[in-house]
Amino acid sequence: MLFDTPCIIFAGGKSSRMGEDKALLPFGSYDTLVEFQLYHLSKIFKTVYISCKEKSKFNFEAAFIEDIKTLPLYAPTAGFISVYNHLKSDNFFAISVDTPFITRSIIEKLLHVDKNTHDATIAKVNGLIQPMCGVYHRSLSEKFSQMLQNNSHKLGYLLKNSNTFYVEFEDEKSFFNLNHPHEYQEALALLNS
């Protein structure tokens, strides 16, 4: 079964800790990490978009949502605003390009417990909020615009000050995040194990 909720892969970050664009790193049998994510998430969602600064950096076909050109920043805030402007749906599933081990069961659980009365339904692992893994509702659109105006880009702060429902998970490996070169190498080893 494919979910109707649109999925957004956020791939517009600066990747400064990685030293190169992590979305474009080879991953498994795929030319890029973002293609790996796109392939796997397309088995879960009917519609998958890639949120990015510039779609021209990708040499494959996909549904892209580019950040608003007047926003010269590398923060998810810009991506979220563009997504809200582009989509007509009330909600969407947000996932970061650098978390390739999020499982179908995690996504299903988040989608099943989500309610229209929530502003967001977000994963938590060992008490730590995972703001780039969860469902965001249109009710947060105005708050994202305010954050941008205030040059505030902390998703955790936004979620703590909104009607957010958290879902606790225990499997830390599923939330493994690729920020540094050694984490990329660890992820490749995990993928091949």
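Each Cβ is built from the backbone N, Cα and C atoms, and glycine gets one as well.
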Subject >> Site co-member for GTP according to Swiss-Prot, given PHE10, ALA11, GLY12, LYS22, ASP98, out of ASP67, ASP171 >> reply: ASP67
Original post:
In terms of DSSP three-state secondary structure, what is the assignment for PHE10 (GTP binding site)?
Top reply: strand
**OP:** Using only the residues recorded as binding GTP (PHE10, ALA11, GLY12, LYS22, ASP67, ASP98), report the maximum Cα-Cα distance in Å, whole number please.
**Re:** 18
Original post:
How many other Cβ atoms are found within 10 Å of the Cβ atom of LYS22 (GTP binding site), counting all protein chains shown?
Top reply: 27
